[in-house]
Amino acid sequence: QDEEKWDFVLVSDIHEVGSEKEIKRKKFLDELSKKGFTIKKIEDKKLFYGVRAPKQIFQKYQGLLRKPDNRLQNPNVHQDIPVTTRIRIVNFILQNTTTPDLEKLHDLMKKKVFEATFPLHKKEEAREFLKEKWARWRGIFCQQPIEKIRCYFGEKVALYFAWLGWYTCLLGIAAAVGTVVFVAGITVFSSSQVSKEICEASNTIMCPLCDQKCSFWLLSDTCTYAKVTHMIDNEGTVLFAMFMAIWATVFLELWKRQRATVVTNWDLNRWDEEEEELAMELINNLQHEPQQYQHSYFRSTIILLLVLLMIAVLIGIAHALVIYRVIAMALFTQSNFTFLREQANMMAVMTGAVLHYITIVIMTKVNRRVALYLCDLEKPRTFSQRENNFTVKIFTFQFFTNFSSLIYIAFFLGRINGHPGNYVRIAGKWRLEECHPSGCITDLFIQMAIIMLLKQTISNVMEYLIPWIAHKLRKKQQRPKKRHMILGEEEEAEDPCKRQWLSNYQLNEVNIFSLFDEFLEMVIQYSFTTIFVAAFPLAPLLAFCNNLFEIRLDAIKMMRLCRRMVPRKANDIGIWLHVLEAIGILAVIGNGLVIAITSDFIPMQVYKYTYSPCMTENNTGVDCLTGYINHSLSTFRIQDFEPYTNGEPGLALTGLCCRYRDYRNADDYSYTVQFWHIFAARLAFLILFEHVALCVKLIAAWYVPDVPQSVKNQLLDRKHSNLREELRWVMPQKV
C-alpha cells in the first residue's frame, strides 16, 4: 500500500514521439530520476506522471532543520514527516529542478510541455473529517477545526481561516452596535426639528437643479429625503464612528494574542522562513549559492513613478464617473418621463454606483496584471518578498479603485460646484452636481449600500458558481476511455491510481495566488466596514452576514471543487497585518472627515450654540435647532442667472428670489461670517476627533498585550527545561 503513495502528479498532452515537447518532457523526468524520484506513468486522454520523492530527501530536511534542543539526541532517529511538509519539499524540488537546457518546470508549463502539476487529495483522516464537519453549509455557526485544517492544508491556510473566524466573531459586536445606531435613527425618523422644517417649508422656493427644463421647486417636496438623511446623520453616528476606530485597534490587538497562542501550540515561534528556504535549496542542489540581497535606487524610482502613474489613471477613472453622473443628471432632467425628471438626482446616483461596481470588477483584473509586471521589474530575492511587494501594490491600486469615487462623493460633491449665477461647469456646458439642502451623506449611504450589496452578492455567487460549473464541465469532458471487450478477453483490472489521479485532475486549478485572492477580498471588505462607516452604519452587519457564508464557501471550494493547495508554512499572516493597521489609521481619518465635512453635524452644532433662539433670545421653550434650515440657505436674485439658464417658470412667478444651500451674502454672493465660523469649527473638530481617536487607539494597543501571559510562561518553561537538558549533557558524568 505504501508503494502507491504518490506526492505529486504531472499532467501532459500526448505528444508525438521525437517531437520537441516530448524530448523536453523526457529530459525533465530524467533529472527527477537522477535525484532518486520514483515515477509512474498512466495513459488516458492525457499522460499522467506520478512522482514520489526518496526518503533521503526528507531525512536531510529533518537533519538540517532539527531544533537546537534536539541536536544532542540520537541523530539517527527520524520521525515521520507531516504530509504537508512532504508536499512542500517535493513542490520546491519540482519547481527548482533544471533540465540540461536550463529550463525549469515553470518554463516547461509555459511551453505547454506539461499542462498541470498538483498534489493529491487523498483519503486521509483529516480530509474526511473536514469534508464532513467543516465544508458543509450546515456548519455555518460551528467553530472551525483549525488544527485539522493545518494538518491538511498547512499553516498559511489555517492562519487565514483562524483570522477570518476571529474577524467575523468580533464583527458580530460591531454589527450589533451598528444595527442599534441605525434602528435608533429610524425611531427619530420624523421627530427631527431639521426634517420638520424642511417638510413645512412650503413657501421656500429653491433654485433650479439644472439649466434646461428644470423648474423652481419647493423645499417641502423633498420631505422624505430629509427624513432619510437625518436617520443616517445624527449624534449616534458620531459615537459609532469613534467606536469603530477603537474596535479596529482592539480587533487587531486581540488577533495578535490569538495568533501568538495558535503559533505557540504549533511550536513555530522560532521558525525562520529564510533558513527553511536555504535548507531546501541545499537539499535540491548541494552546489547552490544563495542569491544575495540587492537594492537599486534607480529601479525603485522607476517603480515609484509607474505606481504614481497607475494611481493617476485610477483617479482619472473616478473623474470619468463624476462626469458620467453630471451628464446623466442633465439627460434625466430633460427626459420625457416624469418619473425620471423628478428623480433625476437619485437615478444618477444609483446608475453611477452600478457603473462604479462594474469598473471595480474590470480594474481588479487590470490592477493584478500591472502589479505583477511591477513585481517582475523589482526582481525580488525570494517568493515571500515577491508576495509582500505584490500585496502592497495590489492593495494600493484596489484601494483607489474602490474608494476614489466614494472620496469624491464624501468630500467634494456639492463643495466645488460654485453657486447660482456662477456655476462650475464641465467643458463649459454641464453643471456639477449639488447636495440636497439636508446634506450629502445620503448620496454616500446609497453608493456604499449598492457597492457592498453588489460585491457581496454577485461576487460571492460567481465565486461559487464559476468553479462549480467548471468542475462539472471538466468532469463531463474527461470521462475515462471505455475499452471495447474482445470476445474471450479477460477484463483488465483498472489501476487504482488512475481513478484517483483523474478525479483530482478534473477539479479546478489552484495557483499561488488562490489564498491571496481570499485575503485581498476580506481586507477590501474590512476597509469598507471601517473607513466610511459613519455614513453607512449597516456596513458591519452586511460584512458579518457575508463572512458567515464566506468561511463555508471557501471551505467547500478548497475541499470539493479545487485541487489541493500546496501547503505553505507561516507563523503569522505576514504583511497583511501592516495593511490592516494602515486601514485602522485611514478609518480614523476617513470617519473624522465624514463627520466634519460630509455630515451636517458641525453646522448644526455651530448654529445650536451660536445663532439659535436658545442663545440669542434665551428662549429655552423651543428646540434649539429651530430656524436652522432658513439659516443654512442663501438667497439668489433671479435676474442674476446666467443667460443660458432656461428653467421652466413654474413657481418663479411668486417671487423674485430663490434659495440655495450655502453661506453667501445676498448682495455680492461672497462668503458670510457664518461660513468661516463653520469652517473653523469643522477643522477644530477634525483635529480633535483624530487626536482623541488615535490616542485611544494607542492606549488600547498598550493596554492589550500582544502575547498572553500564559504563552509567555509556556515559552519560558520550554526554554528552561531545554537548557537543563543541555546542561546534563555538557556536565561531565560522575564516575
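Heads up, the Cβ atoms here are built off N, Cα and C, so glycines get one too.
If you look up TrEMBL, you'll see 83-146 marked as domain 'Anoctamin dimerisation'.
Annotated domain 'Anoctamin transmembrane' per TrEMBL: 149-715, in sequence order.
Positions annotated as transmembrane segment by TrEMBL: 157-186 (among others).
For the transmembrane segment (237-255), the list of distant contacts is 163, 166-167, 170, 173-174, 177-178, 181, 185, 529-530, 533-535, 537, 540, 577, 580-581, 583-584, 587-588, 591-592, 594-595, 599, 601, 689, 692-693, 696-697, 700-701, 704, 706: same-chain residues at least six beyond its ends, Cβ to Cβ under 8 Å. Look at TrEMBL and you will find 237-255 (among others) tagged as transmembrane segment.
If one looks beyond the transmembrane segment (302-324) by at least 6 residues along the same chain, the residues whose Cβ comes under 8 Å of a Cβ in the stretch are 352, 355-356, 359, 363, 367, 370, 374, 377-378, 393, 396-397, 400-401, 404-405, 407-408, 426, 430, 432. Summarising the annotation, TrEMBL assigns transmembrane segment to 302-324 (among others).
Residues or ranges marked as transmembrane segment by TrEMBL: 344-363 (among others).
With a threshold of 8 Å between CB atoms, the same-chain residues lying at least 6 positions outside the transmembrane segment (390-413) that come near it are 307, 310-311, 314-315, 317-318, 321-322, 352, 356, 359-360, 363-364, 367-368, 370-372, 374-375, 433, 435, 440, 443-444, 447-448, 451, 516, 520, 523-524, 527-528, 531-532, 535, 574-576, 579, 590, 593-594, 597-598. Positions annotated as transmembrane segment by TrEMBL: 390-413 (among others).
According to TrEMBL, the transmembrane segment annotation covers 523-549 (among others). Taking Cβ pairs closer than 8 Å, the transmembrane segment (523-549) reaches residues 140-141, 164, 167-168, 171-172, 174-175, 177-179, 181-182, 185, 232, 237-238, 240-241, 244-245, 247-248, 395, 398-399, 402-403, 406, 410, 441, 444-445, 448-449, 451-453, 455-456, 460, 576, 579-580, 583-584, 586-587, 590-591, 594-595, 598-599 in its own chain, all 6 or more past its ends.
According to TrEMBL, the feature transmembrane segment maps to 573-597 (among others).
For the domain 'Anoctamin dimerisation' (83-146), the number of residues in each DSSP class (helix H, G, I; strand E, B; coil) is 33 helix, 4 strand, 27 coil.
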